Amino acid sequence: MRHLITTKDFSNGEILALFKEAKEFLDEKPRTFLEGKSVTTIFFENSTRTQSSFETAARRLGAKVLKLDVSRSSSSKGETLFDTAANLDAMAPSAIVVRHKNSGVPHTLANYTHCPIVNGGDGKHAHPTQALLDLFTIMEHFDYNVKGKKIAIVGDIKNSRVAASNLELLPRFGIDITLVAPPHFMPNYPIKKTNKLKEVIDDVDIIMSLRTQTERHNIPTYASLKDYANDFCISKDLIKDKNLIILHPGPVHRNIDISDDVMADKRCKVLTQVKNGVAIRMAVLKKLILES
């Protein structure tokens, strides 16, 4: 049984095949590949973009979707996560998409179910479909000539599962990463690092801005988000007319992560990422369900 828990679960060749199929899915036309199949989504953390994206992807493939409302489920009444998984599995879904605040939950659930598990984000650990859609967006923009391209990942890297997955995936395709963050947001990771965004802005082809994850901070690290923005907001004054693209996994804190004028700039690919995300998740669900 194949699962997607981290980006390591797919080889480079499999990823390129996914991208080829995802490109076809960008036409947004309905398909029947998963007719008669069902996809269950169970999100123990709030999500608008990711959960909606997976549900849209499943429906476009012809699958039925069961969205489990965790706030009303038995898990909120004391049922263990594993009992919830066992009960879901008894309904014989074709795949389960799970998000949880604790790292490792999707991996553990894979031992209690008999269908593919797709990790929709677990703690600070991984968000594989986000990294796949980020790479797909980069690949499409640069016509798949990405070896040697340089990316700055900017912001709350230490607490970001998106960053963790991109740190695993992007170098596999020859993309050079520099981490840009204040010391308390910087992970202990053997890679190029700087605390000053202006030091790298002239050298990069891509900027990936990350949300400041205040919900994962035990104590405040800045007096205000405005103070953080003074050093790390992606603004027009910073990027000027440079030939680069800007990514963000969402939700964007406007004028904290990215300024309003940059959000409206054609170099900002945030909405392209959203569109690409549905296509990538269609390709992932099709692959895992039909190969299981």
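Every residue gets a Cβ built from N, Cα and C, even glycine.
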Subject >> Annotated companion of ARG49, THR50, HIS127, GLN130, GLY250, PRO251 at the carbamoyl phosphate site, Swiss-Prot, chosen from ARG31, ARG99, ARG267 >> reply: ARG99
**OP:** Would you mind reading off the Cα separation of THR50 (carbamoyl phosphate binding site) from ARG161 (L-aspartate binding site), to the nearest angstrom?
**Re:** 13
Original post:
By a simple count, how many Cβ atoms lie within 10 Å of the Cβ of PRO251 (carbamoyl phosphate binding site), its own Cβ left out?
Top reply: 12
**OP:** For GLY250 (carbamoyl phosphate binding site), just count the other CB atoms lying within 10 A of its CB, please.
**Re:** 17
